[in-house]
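Novice: So TrEMBL lists these for the protein:
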- A:THR97, A:SER98, A:PHE129, A:PRO130, A:THR131, A:ASP132, A:THR171, A:ASP200, A:HIS203, A:TYR225, A:TRP255, A:THR281: pyridoxal 5'-phosphate binding site (BINDING)
- A:LYS226: N6-(pyridoxal phosphate)lysine (MOD_RES)
2 protein chains.
Amino acid sequence: MTTREQAQAWDRDDALASHRALFDLPPGLIYLDGNSLGALPRATPERVSQVVRGEWGQGLIRSWNKAGWVDLPRRVGDKIARLVGAGAGELVVADSTSVNVFKTLHAALAIARQDRPGRRLIVSERDNFPTDLYIADSLAREQGCTLLLVDAVEQLGPLLDDGEVAVLMLTHVNYRTGRMHDMAELNRRAHAQGTLVLWDLAHSAGAVPLDLHRDDADFAVGCGYKYLNGGPGAPAFVWVHPRHAGRCTQPLSGWFGHAAPFQFTPTYTPAPGVGRYLCGTPAVLGMAALECGVDTLLAAGDMQALRAKSLALTQLFIELVDQRCAGHGLALVTPRTVHLRGSQVCLSHPTDAYAIMQALIARGVIGDFRAPDILRFGFTPLYTRFVDVWDAVDRLEQVLSSGAAREAVT
Amino acid sequence: MTTREQAQAWDRDDALASHRALFDLPPGLIYLDGNSLGALPRATPERVSQVVRGEWGQGLIRSWNKAGWVDLPRRVGDKIARLVGAGAGELVVADSTSVNVFKTLHAALAIARQDRPGRRLIVSERDNFPTDLYIADSLAREQGCTLLLVDAVEQLGPLLDDGEVAVLMLTHVNYRTGRMHDMAELNRRAHAQGTLVLWDLAHSAGAVPLDLHRDDADFAVGCGYKYLNGGPGAPAFVWVHPRHAGRCTQPLSGWFGHAAPFQFTPTYTPAPGVGRYLCGTPAVLGMAALECGVDTLLAAGDMQALRAKSLALTQLFIELVDQRCAGHGLALVTPRTVHLRGSQVCLSHPTDAYAIMQALIARGVIGDFRAPDILRFGFTPLYTRFVDVWDAVDRLEQVLSSGAAREAVT
């Protein structure tokens, strides 16, 4: 059984350990919820203050050009592109993930109508993140399509092989289970039958290595406030493969997606490429904070190194839970197979999941409860230490063996 | 002719003069562009820093509840509601103006289809702000409607009387001319024929008194970063009359518009009322800054007092330009009739408008140039002084009489 001293030794040997100092973390807290809201980079407060006091307060309207605000969606987009295997100029920061799902799914359906007329099927998973399903359902109704939700991953392949699916829309790493799809294989199987694939990278970007070009994705959206550390409600991002980006417009045709917004022409001419996926005036404060967050990942140099540590962290957590928490009714939800695992571990408990998480939080370990029975723990290799994993399981075992969970909710 | 001393005397007597101290304005600058980007409230940097360092950095995920992030769209919305004559719970802060035009126009068309089946006409003005037209054009194409743009305000009434218009979509104060519509009269004339009216309040909210209920509007959207002083790219707002708010959903059905977002159900149940016009996760930093900006207006107590000063400022500017800048080719674009005037004054120059604005900016007077021939000056009674108006015209006269405009672009 791994001892606390062993975990501390791994931290000493960890080439990424120094990156924890890039973050301003509350002392004594074990934060295993960076997959809900990433931690605060130390650079962010000063940068945001500079934008507020200097660029806005003193520069005022001039800062749209002088401080480069007008370029923020593309500049920060180019940085995120490096994390997901996209090219420069292919990815922009804009709006929320939900809004970007709407834009890209709408565009994918428009392209499917051109290339595969008559196809009316959108496929996703029933336990996909709800906002994606809500948006897909709205578009399906609007466009006379059918949204088909599968209950098991294994159903996807045969469905794709039928050759009737217009668009497959998946979240790469499932928010409830931490299970990761094989992006390359699903894209290949979809494309073999002319199906387009839209990926939500909310739990992947900044968490696992991605290569949208190598894996031949069609569309992708992602979240700024989870592993990208962009802050609460940070703007989201949207990527469109260059083969699709200029083929159609998307319906949220706001002025920032115009080819020349400041000519104020009454008719819409879409910007070339992914620029047409911009809509309204960019959220400058949010984008400035997001840039600081993305910089913390670029500073780590290589998603492969982050991935190796992430797997070591989740593996240690799983092993310690196996060893120390057996007999208390917990079950592992996240796959043991490493290539199916994102950067989180989920456990289920038939009756006490909520109470256990409340008791853990009271003991300084923050994870998530997801109804009805899931305990979710996110591991962010930039700032999670091996000793944090050890201590978290130690406190989990205390909670389980002491009956503290029952007390926490009574 | 008004002297500089007279203008200074008016500032001494101005009951709103002390509110200028609520803003952090660059020394020596005459800022007549608060209608593009409002100035920085002094309270904002500290509040944003508190959100970043405290609520995010220390509170982390817990702040969604403990710091009330989850309520921000409604809390700040209720404050804006007080400025526009809307009731509590009727207005939410969300997304951008462009995105909110999409939501509300889509909803208005859905209701028109129910109540007036067969109507396919959306009417607006050709010189409406382009993003509104781009979105309307997109929706018109998508839904098989026609977007009809009028060139003169006088065409609107007869068009409405024909009884074939589904939705009239107008910006209350025109961004290029400063002309203000008679909201009550247009709503009355539209409703007499069963036409719904959607108002863009981008240049009205915080600038002129509004009473959406008294004037019986149907839908309204507005901008956070102009007269509301919310900062660059601040979130926008959306209001729906209670008689319409529950009648249909809008297509951007993201999880924050769900009746119970944190139950994570796979099917969408819209929140009651205007809550269903929320979409993705709220932009917390932007909303916190926006709340500070809205507070500067609420501190002034009464939009009528702000309106009186606004009209005095624009009147003085017009009179001084008449008196001191005659013979240089400038023409007044904004109506002289006060009830047709927003809180800005626009001048045109047949050849040198861009050069004149560049020369003025070089002399510390910031306004806007709008192609091809418009000089636009915004007057924000919370922080614009009468002496600023006097000095601005003084420098304009210097620019015109010295030929400095020609030099500025050569």
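Note that Cβ sites are derived from N, Cα and C of the backbone, with glycine treated the same way.
Nobody curates TrEMBL annotations by hand; they come from automatic prediction.
Looking at the shown structure, what environment does each listed feature sit in?
Specialist: If you draw a 10 Å sphere around the CB of A:THR171 (pyridoxal 5'-phosphate binding site), it holds 29 other CB atoms from the protein chains shown.
A:LYS226 (N6-(pyridoxal phosphate)lysine) falls outside any helix or strand according to DSSP and counts as coil. Same-chain residues at least 6 positions away in sequence with a Cβ under 8 Å from that of A:LYS226 (N6-(pyridoxal phosphate)lysine) are, in sequence order, A:GLY34, A:ASN35, A:SER36, A:LEU37, A:GLY38, A:ALA202, A:HIS203, A:ALA205, A:GLY206, A:ALA207.
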Novice: Under DSSP, is A:THR171 (pyridoxal 5'-phosphate binding site) helix, strand or coil?
Specialist: strand
Novice: If you measure Cβ to Cβ, which of the recorded positions A:THR171, A:HIS203, A:LYS226 are under 8 Å from chain B?
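Specialist: So none of them sit by chain B.
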Novice: Using a 10 Å radius around its CB, how many other CB atoms surround A:THR97 (pyridoxal 5'-phosphate binding site)?
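Specialist: A:THR97 (pyridoxal 5'-phosphate binding site) is surrounded by 30 other Cβ atoms within 10 Å.
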Novice: Where does A:THR131 (pyridoxal 5'-phosphate binding site) sit in DSSP terms: helix, strand, or coil?
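Specialist: Where A:THR131 (pyridoxal 5'-phosphate binding site) sits, the three-state DSSP reduction gives helix.
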Novice: Restricting to the record's pyridoxal 5'-phosphate-binding residues (A:THR97, A:SER98, A:PHE129, A:PRO130, A:THR131, A:ASP132, A:THR171, A:ASP200, A:HIS203, A:TYR225, A:TRP255, A:THR281), give me the longest CA-CA distance in Å as a whole number.
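Specialist: Pairwise Cα check on A:THR97, A:SER98, A:PHE129, A:PRO130, A:THR131, A:ASP132, A:THR171, A:ASP200, A:HIS203, A:TYR225, A:TRP255, A:THR281 gives a maximum of 30 Å.
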Novice: Please state whether DSSP places A:TRP255 (pyridoxal 5'-phosphate binding site) in a helix, a strand or coil.
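Specialist: Note: A:TRP255 (pyridoxal 5'-phosphate binding site) is helical by DSSP.
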Novice: Looking at Cβ-Cβ distances, which residues of the chain lie under 8 angstroms from A:TRP255 (pyridoxal 5'-phosphate binding site) while being 6 or more apart from it?
Specialist: A:PRO261, A:GLY280, A:THR281
